[in-house]
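Shown next, in structure tokens, is the structure this report addresses.
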Amino acid sequence: MLSLVGRVASASASGALRGLNPLAALPQAHLLLRTAPAGVHPARDYAAQSSAAPKAGTATGQIVAVIGAVVDVQFDEGLPPILNALEVQGRESRLVLEVAQHLGESTVRTIAMDGTEGLVRGQKVLDSGAPIKIPVGPETLGRIMNVIGEPIDERGPIKTKQFAPIHAEAPEFIEMSVEQEILVTGIKVVDLLAPYAKGGKIGLFGGAGVGKTVLIMELINNVAKAHGGYSVFAGVGERTREGNDLYHEMIESGVINLKDATSKVALVYGQMNEPPGARARVALTGLTVAEYFRDQEGQDVLLFIDNIFRFTQAGSEVSALLGRIPSAVGYQPTLATDMGTMQERITTTKKGSITSVQAIYVPADDLTDPAPATTFAHLDATTVLSRAIAELGIYPAVDPLDSTSRIMDPNIVGSEHYDVARGVQKILQDYKSLQDIIAILGMDELSEEDKLTVSRARKIQRFLSQPFQVAEVFTGHMGKLVPLKETIKGFQQILAGDYDHLPEQAFYMVGPIEEAVAKADKLAEEHGS
């Protein structure tokens, strides 16, 4: 009888190892990836350390099984806690494993942060004694690192003495700031119609080729100039080519400076070809870099995550490898917890703020898919880039009617800003509803009032365009950063009819309204001569 029980237990354990028996993982459900270890607290320890690698622990184990990105390690003594980083010994390249489950019999199940090719059973593994720690501080600006903090830009080591664990708790309630404040971006259409809240989360929706990258670079540039703030770009499941292009475009536009220490952005990449463990953690690495600037330097940091869907997708792959029972549409059962644990760390404290702009891929354009639906619950604003607007040559191609913001409230932005924004949206909506009539009957059949609406709407549409500083090399137009007061004043005067006499092309690709007036005078001179 005992031998039968032993065989059943053995079969169950081996089935769990192969991922065949998801029920075998259930007793360890409370030990999964979603909780931070006891030693990790928002009051981070940024103490100087002498070497790039975190201080090693003493426990040594050996690999007993390798199933793709999942590696089981047995320790004779000193079992490492959940989320600890382990390092495989005797390899040329550094391979870090993160503890995900305790299986019993002194064995831990880990997720590899890099490829497991060449691993063999019996190989030695050392416990680092802490979660994955990465370099933080001003030295990370202008550099590209991977999920475990190694530089991947071929420019030597990141010379910082400060390291931080990628797992941390969200700031406590007493540390949070309750003030609602606009983060002025200097981009007219964003500041007027869908303003970003300091410490808020913005969803950036846009297909290929509508200007997502240029908008991201302009935001990085403007935040550095207007607020003196830094930015962090986390490429989660990105195409390597796109990440490479972005890096070189940033060098060309001056956002990254290779000659001196004036770079404004740190880059963290976990590309599409990386194992799921790396893609599931790289967003946390980027967030940790941003948290240092917020908590230690009191900065207003901009954190870009491209693409937040890949974070969820990687979590789903990891979950399946760990043998958990899948939830709706095959996603991990801890989807909401994984997302919430990360998103709650993106917030405003009394020291500074992290404002996050997250590119969101919507699978099969289905907004009810659990991955985007879970993300929407955390968003404060949405910026929708429209191909139809890009085709008109209006950049940034932000859709003024589809983009929304939670802080578009007269109690937060003020009644003047609110009234002007709603007035602009109303006139654009009226123009949209008149377009069918214009297409069939022509402009001549409209009433005088409707003709005026169309004329003003077309001027507003063009005035929502703006030359970007990072795109000067392509457009030949000098970039403009427009203060919020100037933006409100300009649109207010167009709505009031103060510029009904100016031609609509005068409003295209200008900064404040005074430039439109000057451009109209210049056009009149050219036509007069």
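From the backbone N, Cα and C atoms, a Cβ is placed for every residue, glycine too.
Features as listed in Swiss-Prot:
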- Gly209, Val210, Gly211, Lys212, Thr213, Val214: ADP binding site (BINDING)
- Gly209, Val210, Gly211, Lys212, Thr213: phosphate binding site (BINDING)
- Gly209, Gly211, Lys212, Thr213, Val214, Arg239: ATP binding site (BINDING)
- Thr213: Mg(2+) 1 binding site (BINDING)
- Glu238: Mg(2+) 2 binding site (BINDING)
- Ser106: O-linked glycosylation site (CARBOHYD)
- Lys124: N6-succinyllysine (MOD_RES)
- Lys133: N6-succinyllysine (MOD_RES)
- Lys161: N6-succinyllysine (MOD_RES)
- Lys259: N6-succinyllysine (MOD_RES)
- Lys264: N6-succinyllysine (MOD_RES)
- Ser415: phosphoserine (MOD_RES)
- Ser433: phosphoserine (MOD_RES)
- Lys522: N6-succinyllysine (MOD_RES)
- Ser529: phosphoserine (MOD_RES)
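Projection of Swiss-Prot feature records onto the structure.
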residue : record                : DSSP (3 states)
Lys133  : N6-succinyllysine     : strand
Val210  : ADP binding site      : coil
Glu238  : Mg(2+) 2 binding site : strand
Lys259  : N6-succinyllysine     : coil
Lys264  : N6-succinyllysine     : coil
Ser415  : phosphoserine         : helix
Ser433  : phosphoserine         : helix
Lys522  : N6-succinyllysine     : helix
**Q.** Any further residue of that chain within 8 Å (Cβ to the Cβ centroid of Gly209, Val210, Gly211, Lys212, Thr213, Val214) of the recorded ADP site
**A.** Gly206, Ala208, Leu215, Leu385, Ala390, Ala397
(Q) Going by Cα-Cα distance, which of the binding-site residues (Gly209, Val210, Gly211, Val214, Glu238) sits nearest to Lys133 (N6-succinyllysine)? (A) Glu238
Q | When distances run from the Cα of Ser106 (O-linked glycosylation site) to each of the binding-site residues Gly209, Gly211, Glu238, the nearest one | A | Glu238
Q: Any same-chain residues 6+ apart from Lys264 (N6-succinyllysine) with CB under 8 Å of its CB? Would you list them in sequence order, or say none?
A: Leu141, Ile220, Asn221, Val223, Ala224, Tyr230, Ser231, Val255, Ile256
Q.
Measuring Cα to Cα across Gly209, Gly211, Lys212, Thr213, Val214, Arg239, which the record gives as the ATP binders, how far apart are the two most distant ones in Å?
A. 17
Q) Including all protein chains shown, what's the count of other C-beta atoms within 10 A of the C-beta of Ser433 (phosphoserine)? A) 9
Q. Of all the recorded positions given, Lys133, Arg239, which has the fewest Cβ neighbours within 10 Å once its own Cβ is left out?
A. Arg239
Q: Out of Lys161, Arg239, Lys259, Ser433, Lys522, point to the one nearest Val210 (ADP binding site) in space (Cα versus Cα); all of them are recorded positions in the record.
A: Arg239
